[in-house]
Amino acid sequence: MNKPLFRHIKKLLLQYKWKYITGAFFLLLTDIFQLISPKLIGWGVDYLNKGTLTFKSLLLVFIALLLLTILTAIFRFFWRMQILATARRLEAQIREKYFTHLQTLSLNFFNYKKTGELMALATNDLGAVREMFAFGIVMLLDTIFLGTLSIFFLLSISPKLTLYIAIPLPLITLTITFFGKITHRRFKLVQDSFAKLTDKAEETIAGIRVVKAYVQEEAELKKFVERAQDLLNKNINLVKAWGFMFPTIELLAGFSVLFVFLFGGLEVIRGNISLGDFIAFNSYLGLLIWPMNALGWVVNNFQRGKASLERINEVLDEVPDIKDSPNSIKRERLEGYITFKNVYFKYPKSTKWVLKDISLEVKPGKFLGITGPVGSGKTSLVSLIPRLFDIQKGEILIDDIPIKNLSLYYLRKNIGFVPQDSFLFSDTIANNIRFAKPDLSDEEIYKLIKLVALEEDLKEFPDGINTIVGERGVTLSGGQKQRIAIARALAINPPILILDDALSAVDSKTEKQILENLLELRQDKALIIIAQRLSVIQEADEIIVLKDGKIIERGDHNKLMRLRGFYAELFEQQKIESELEREEDELLS
């Protein structure tokens, strides 16, 4: 069953209904005034032909034509303001609706949808939709108004000649129907190809450091050129369809001119119509040919807009996997008592369990450390606390409330989450820290910078906290990015603080300083830290070791060392590596 094309923007269209109606009214007046001019010129020619034209009559015709020209220009300005400007407003609101909807979608959607494609929808596709509601609407209305009124004036001059004009019309209709379906299909392929090209460009630019480091410029260029060539080929196929459609319509419309010249000339010779009427008839025919030719453009424009709107609708049709339950609990400040009860989890579209039978507790003021081999489920586990994903079995509670019953907004406002990828915006250091709390003062920012041991680094930045860090924090080291990300999480003073391997890029001295500060702050916080480097979680109240999605060891540092299992083995290994590095540094110094 086909869904209505305008299902997501129906309210927006109704909002601008009167703008479009007013614009259509001014467009109608423009066309009427355009159609009066040939009649006046025809009268003037007849007076000249009869030798009865006086200066006064000529002046009246001149003034009438001048007024018509001025009024036509004024009305043209008004319909443009009503229709074209409204299309721009509509575009802005659809873009806002699209972006707002994107932010409601779950992380799983972005795992399977490419960034470049989403960007193409917000730019190229939305531009095609705007054109449909701008010049597409104008051309459609102009074709209807000008075509209908021209036929009316043509019939008033000679019904017989008007019938000759109508001979090619069925063929024009068939041409438009046939090529309209082809252009719709081909334009959708063009938009899909453009999205892939955009995605490749975005990916290469984002990873330009890696590309250069591995001298892969030529390989990446080859991939880009392949996608660019695919887009070119699809565009050429589309142009071929246009190339056949427009000339065919013009050819068929041109037959009308030939018929009028031949049969209209005979009518003048026979005295059935005057020379002025013949000239006026040809002028009206010229005005009629424009809508006949424009029909192809209108169909092309609407097919492009329709294809793009269908692609945008696919995203707007997406329903968030994770959303608030009815009557969700809105609690401004949570205590931070976290409980996992026999939790099982697997990612959507996957059959493999990532976490199996996980049970744990983290009380306010306590520090939970998590470690384990790569791919053991550590990041997946902490991602469940702010409900970035939902579990399939078991239960997760905060303050004895199932997290599914908590408002997503208030749940996440109570969690300071520092993911593995310390993403920074292309803004100042201060604004990156203020991200979750825009009213944060400079004084508070400096306190946070001290907490994350960034004071010394700050002296190196030319503008201090007002230094622009570049896209994704490109001008900073990995350790600096991690510390700014931690400061951003601390800015909201959350009752739950989660650090996912967020100290992996800092040196041991800085690590120790940050941990001391975090342990002082944890009195009213549930602190969870994931780490591969065990010195980070050595002071934790409890440490859990994950492997293949299961907790294989748990306890504090001393208990785990006595178990002589995975944790103890890894700790001893890291201890030896640390001692070797220290000896090497001493030799070099």
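Every residue number used here counts from 1 along the chain in the order it is shown.
Every residue, even glycine, has its Cβ placed from backbone N, Cα and C.
Because the structure is a prediction, the values reported are computed rather than measured.
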Among ranges 161-179, 484-502, whichever one TrEMBL labels transmembrane segment: 161-179
Segment proximity, the transmembrane segment (161-179) to the transmembrane segment (20-37), 3 or more C-beta pairs under 8 Å: no
Rounded mean pLDDT for the residues that make up the domain 'ABC transporter' (338-573): 90
